[in-house]
Amino acid sequence: MKQSSVVDLLLLLLTIAVLATPAFSDLVLSKVERRIDVTSQFARVTKTLKVVNPGSESVSEFMLIFPKFLGNNLAYLSVKTKRPVANLSVKKADPKGIPDSISVYSVGLPKTLSKGDTLTLEVVATFTNVLQPFPEKITQGEIHLVMLQESSQYLSPYTVESQSLSIKLPNARIESYSKLENTKLQGSELKYGPYKNLSPFSYSPIVVHFESKAAFSVAEKLVREIEVSHWGNVQVTEHYNVVHRGAQLKGEFSRLDFQARPNPRGASAFRHLLARLPPRAHSIYYRDDIGNISTSEMQSDSKKTELLIEPRFPLFGGWKTFFTIGYGLPLSDFLFASEGKRFVNISFGSPMIDLVTEKLIVQVVLPEGSKDISVTTPFAVKQSREIKYSHLDIAGRPVVVLEKDNVVLDHNQHIQVYYKFSNINLLSEPLMLISGFFVLFITCIIYTRADFSISKSSPTYLAKLQWDEVLATLQEVQSIIQKCLAAHDKLEASLRDLSRTGDIQTCKAARKSTDSLLKDLSKELKPLQGFLQSSPSASHISPKVEELVVKEKELQEKLMAKHTTVVEGYEKKSSGRDIENRIASQQQKIIALRQEIEDLLEFIDEI
Amino acid sequence: MGGKSEPAKSESMATTTTSPDLINSSFFSFKSLKLKTKQQELLLRIAILGLVYILAFIARLFSVLRYESMIHEFDPYFNYRTTLFLTEKGFYEFWNWFDSESWYPLGRIIGGTLYPGLMVTAALIYWALRFLRFFVHIREVCVLTAPFFASNTTLVAYFFGKEIWDTGAGLVAAVLIAICPGYISRSVAGSYDNEAVAIFALLLTFYLFVKAVNTGSLAWALGSAFGYFYMVSAWGGYVFIINLVPLYVLVLLITGRYSMRLYIAYNCMYILGMLLAMQIRFVGFQHVQSGEHMGAMGVFLLMQVFYFLDWVKYQLNDTKLFQTFLRITVTSAILVGGIALGVGTASGYISPWTGRFYSLLDPTYAKDHIPIIASVSEHQPTAWSSFMFDYHILLFLFPAGLYFCFKRLSDATIFIVMYGLTSLYFAGVMVRLILVATPAVCLISAIAVSATVKNLTSLLRTKQKVSQTGSTKGAGSSKASSKVTLDQSQPFQKNGAIALLVGVFYLLSRYAIHCTWVTSEAYSSPSIVLAARGAHGNRILFDDYREAYYWLRQNTPTDAKIMSWWDYGYQITAMGNRTVIVDNNTWNNTHIATVGRAMSSNEDEAYEIMRSLDVNYVLVVFGGVTGYSSDDINKFLWMVRIGGGVFPVIKEPDYLVNGEFRVDKGASPKMLNCLMYKLCYYRFGELTTEYGKPPGYDRARGGEIGNKDIKLEHLEEAYTTSNWIVRIYRVKPPTNRL
């Protein structure tokens with residue numbers, strides 16, 4: 001037995017004996033039924049109290065007391081009345097005259113109890129750390145035994161007329177239990193009582209020593225980050241520091257024994273943790289400091305998503321691990337609007353079943369630009385504010401930090417975070433990205449267009465400028481030649497039309513327009529040629545250009561000659577064959593010239 | 001008849017040539033958008049480069065898709081750990097970091113014994129991204145550093161190829177290097193190692209130096225010096241640069257290609273590069289004091305002599321007099337240099353070549369003298385198959401490229417030829433140096449591909465024209481007629497060219513397929529997580545390493561000292577966050593030998609050694625259950641050799657039976673009772689690993705073990721991973737004396 005708890009108990013008994021004048025009203029509990037469920041790692045106590053006020057004074061307050069060693073481990077306490085169903089407010093009280101070894105909670109009654117009134121209270125209390133492993137260290141093969149200390153009599157500041165206690169033990173070995181009068185063990189249920197007419201502050205300690213197969217998984221610290229994105233996602237990231245709080249492993253861990261079939265040894269370890277996530281959870285991941293953990297399974301249906309995760313190694317007593325799970329939830333399931341405000345309505349506690357959290361920190365990250373933030377929680381939590389920077393944030397996102405110690409499954413109730421957010425803020429990040437790229441492209445454009453040379457008079461710079469000019473001129477020459485060639489083609493086309501329709505007039509008109517066009521073009525060509533000749537850096541190109549122009553002229557002449565011949569032939573109404581024979585030689589020359597011109601053009605193109 | 005058919009033909013041809021213009025005139029809006037040929041070419045080039053840049057990046061992401069975004073292998077874990085430290089604590093803390101978590105009880109001065117280039121690069125990228133408001137995790141930056149730099153390398157390869165040959169060769173080089181397995185093997189996502197940035201730095205330095213030699217510009221030489229500085233800060237392979245560049249300069253001098261451009265480029269690069277390199281603490285004064293760097297200094301002095309001789313030659317007009325002067329100066333310069341080197345070496349001012357350097361020049365040196373170098377698989381001589389595996393078609397494009405280089409010899413091609421030949425020699429000596437040879441092989445092969453394709457296509461193009469002019473019945477010029485005769489001499493030229501082109505593209509596409517296959521199958525495994533196929537074709541992951549390291553991290557005292565073979569040292573410190581005795585930075589051979597000795601002694605002796613080293617846990621890697629062959633038992637002989645190299649008590653023959661290494665009943669008694677054997681096979685004799693085989697059947701070695709009844713006296717099993725790959729033992733405190 002733990003030394004401290006023994007001292008606690010002795011102290012408690014002593015003070016109860018010493019307690020002289022009760023500072024409490026004269027209520028009487030006509031019937032008390034207590035059920036303690038210790039099938040899991042915590043003790044869940046359900047009490048039904050029938051309260052009668054026999055005195056003359058009306059009472060509006062009811063006191064619940066626990067011995068300190070239980071009170072310190074009280075994780076959750078709720079008091080309800082059955083008719084009408086209502087939750088009663090509970091707060092920790094510190095009345096005078098009560099010794100330190102007792103924790104007192106005061107319950108505000110729904111209506112004052114006047115003389116003779118009765119009221120039935122349903123009390124649910126969850127205690128963590130009350131199942132003490134005993135022995136404290138076991139080997140791999142041994143079974144896990146724990147010990148529960150309680151009182152067979154209900155500790156109360158009021159007189160109890162009738163009471164009973166039943167303890168629900170796991171369906172396994174029971175090593176020993178305190179045998180008092182009226183003690184019965186039925187299967188896995190241990191019963192004490194009923195006991196009648198007990199004076200206030202009656203206390204009779206009992207100890208139950210039994211095997212527990214429950215996972216003693218405790219999160220020493222759990223940080224839940226709930227990030228709300230108005231783009232349609234609520235991202236939940238949970239960082240767990242899990243430890244096995246059962247009896248510590250001593251000696252070897254043998255993998256062979258652990259894996260042995262049919263009798264594996266290592267019953268005290270747990271391998272899995274089950275998380276019950278909200279429905280439609282997606283993009284689930286499970287990792288730790290050093291990477292992804294591949295041992296997890298997921299099942300989902302319309303009601304829930306179940307995630308079974310297996311830590312990297314089985315957890316024996318005293319072993320620790322750290323991991324992170326994360327999942328996305330559809331925003332529409334959790335974000336609502338009321339009275340011009342939006343609110344996130346999301347579960348407070350961890351989705352892990354059978355996990356006790358010693359320190360829970362919930363961080364609700366709201367979108368950048370949220371204002372007027374307020375929080376409502378069903379129970380008291382410590383609140384603070386932070387700023388978090390995420391991708392593309394400038395001002396940072398406001399974070400509501402909620403902290404609570406000793407959290408159990410009963411705390412999985414919804415909290416509401418209210419805030420104001422304008423939809424225009426949604427656009428700020430895409431706009432930032434767009435403007436970023438815009439600036440990038442603009443700088444590129446400016447860089448390629450602008451002239452950044454330092455010395456504007458250096459010979460290389462001048463040469464470069466000149467060369468650019470030469471290239472530009474060349475480009476112009478090329479385009480003009482191309483135009484000429486196009487004009488030639490038009491001429492050829494007109495000839496073809498002529499052979500088809502025999503319309504000499506249109507053909508002549510085409511000739512005329514082409515003539516004038518070609519004249520204009522050759523006029524344009526003149527200054528360019530002159531420039532190329534004068535420019536020193538174009539010295540190796542200008543002969544080619546010269547040649548090109550000469551060839552083009554020649555081609556023009558030949559084409560004109562051919563045109564004239566054909567038109568004349570038609571005017572003379574010569575036979576087609578005759579005309580063809582006449583132009584055959586010209587035709588060959590034209591093709592050859594054309595080829596040469598194209599070669600030259602290609603050559604210039606490659607400069 | 002012929003006359004009749006010809007005009008028809010020419011007419012049809014005229015229509016075909018006019019058709020583009022007709023289209024343009026009919027869609028006038030397109031005509032204004034039509035780019036000039038130059039612009040078209042530029043656009044194409046940029047588009048290709050952009051695609052290659054992206055391709056190089058995504059080809060390296062197989063491992064992230066197959067596994068996860070994680071750091072691979074061994075050394076990268078150290079780099080990751082130091083980068084994490086750098087980003088958390090800042091540069092000065094990093095620079096002055098004394099790491100007490102490794103080499104217990106000696107510790108390690110991290111800042112002075114690493115190449116910080118990689119970590120600083122990753123940290124700068126990380127800080128830059130944070131500044132741009134991208135709050136990424138440093139791990140992601142580290143994982144993607146290698147692909148990012150591989151992409152940058154393709155750009156450098158393009159410019160380099162452009163410098164030594166032409167743009168076409170540059171583009172081909174960029175494509176080839178983007179997917180070359182020899183490079184990918186060291187630069188997949190997660191392979192966060194020095195080589196990841198070093199190859200980029202290496203190629204950049206070479207490119208800038210060649211550019212400097214080609215232009216004689218101080219600016220490029222300065223750039224090259226900074227490139228060299230980056231290389232020195234990133235990887236020990238910088239020694240290659242500081243020897244290759246002087247060698248190249250020497251060759252140029254001998255072949256009479258000395259020029260003022262060379263003088264400027266080399267002097268600037270050498271002096272500035274040396275001064276900058278001295279800023280790296282790990283290199284320090286080696287530049288002026290170590291034998292490996294003396295070649296560069298010698299060539300530097302020789303350059304001055306050449307310059308001086310040039311000046312004298314200019315002053316003296318008498319050639320005979322100059323010849324005598326030349327002889328005297330050269331002899332005396334060589335004499336003085338030789339004496340200085342001799343005195344320096346004798347007095348110990350100049351350190352002799354290190355073992356690593358020797359082992360590079362002589363492949364058999366390490367095997368006889370430095371077992372710790374020889375024990376690393378990547379330091380083994382390269383097999384032909386791995387050349388084929390890593391280079392594929394480049395292996396025979398390389399000689400072709402050399403041919404083209406010799407055909408068009410210039411300063412730049414001499415450089416690439418020398419780079420290619422020397423690095424290929426080193427690649428033959430050590431497997432891992434295939435990496436250094438890869439850029440050269442890619443560049444030279446790119447020259448071959450580009451030159452071949454260019455020749456073939458030009459052949460095709462001229463052929464068409466010749467046929468056109470040929471049809472004009474001798475009216476063409478003399479040039480055309482010569483082509484006609486050429487055409488007649490090789491009647492199937494056009495078809496041949498087409499066939500060859502198809503062949504080239506077929507080969508290149510095979511290359512692309514091979515590279516993708518190799519990348520996905522061979523080089524994308526993180527080697528931390530092992531994957532296997534199950535009986536039903538499903539994928540089974542063995543994540544035992546991380547399981548064990550994470551167990552150490554969570555469930556051992558924070559000051560626990562872990563003893564393991566040095567291979568796992570970096571991983572234990574990075575993932576397990578615990579102190580190790582030895583790690584992959586094999587700086588202290590004696591310490592490693594001590595661990596090797598402990599592993600190969602019997603339990604009592606080993607216990608003494610472990611007590612003296614304050615060891616709390618011993619970690620061994622064991623593949624007997626899964627059939628994982630690179631475990632500690634298979635590495636055991638190296639432990640014996642390295643241990644025996646320092647402690648002659650350990651003798652290799654004691655562990656062998658008739659020169660054979662075995663673990664079954666026929667094994668030597670020393671083997672059956674050494675610590676490593678006991679730790680690996682503790683309680684293994686009770687386990688049935690394979691159906692139809694006796695218990696204690698070792699699947700990695702395919703035999704039943706010889707010692708099934710192992711009792712441990714001073715150690716106890718602390719943890720064994722689910723597939724038994726990693727086994728951790730706790731060293732018990734000494735029992736109280738009565």
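Placed from the backbone N, Cα and C atoms, the Cβ positions cover glycine too.
Since the structure is predicted, the reported quantities are computational estimates derived from the model, not experimental observations.
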Matching range for TrEMBL feature annotation, transmembrane segment, among B:412-428, B:429-445, B:497-513: B:412-428
Mean per-residue pLDDT computed across the domain 'STT3/PglB/AglB core' (B:562-619): 92
Proximity of the transmembrane segment (B:228-251) to the transmembrane segment (B:412-428), 3+ C-beta pairs under 8 angstroms: yes
Number of helical, extended and coil residues in the domain 'STT3/PglB/AglB core' (B:562-619), per DSSP: 33 helix, 8 strand, 17 coil
Sequence-remote partners of the transmembrane segment (B:412-428) [C-beta within less than 8 Å, at least six residues beyond its ends]: 163-165, 206, 209-210, 213-214, 240, 244, 247-248, 251-252, 255, 257, 360, 363, 381-382, 387, 398, 401-402, 405-406, 434, 436-437, 440-441, 443-444, 447
Spatial neighbours of the transmembrane segment (B:141-161) far in sequence, C-beta under 8 Å, 6+ residues away: 49, 52-54, 56-58, 60-61, 64, 69-71, 76, 79-80, 83, 118, 121-122, 125-126, 129, 167, 169-178, 183-184, 186-193, 196-197, 199-200, 203-204, 206-207, 210, 439, 442-443, 446-447, 450
Folded-back contacts onto the transmembrane segment (B:167-184), same chain, C-beta under 8 angstroms, at least six residues removed: 45, 48-49, 52-53, 55-56, 59-60, 150-151, 153-155, 157-161, 199, 389-392, 394, 434-435, 437-439, 441-443, 445-447, 449-451, 453-454, 511-512, 514-516, 518-519, 522-523
Long-range Cβ neighbours of the transmembrane segment (B:324-350) (under 8 Å; 6 or more residues past either end): 289-291, 294, 298, 301-302, 305, 308-309, 312, 316
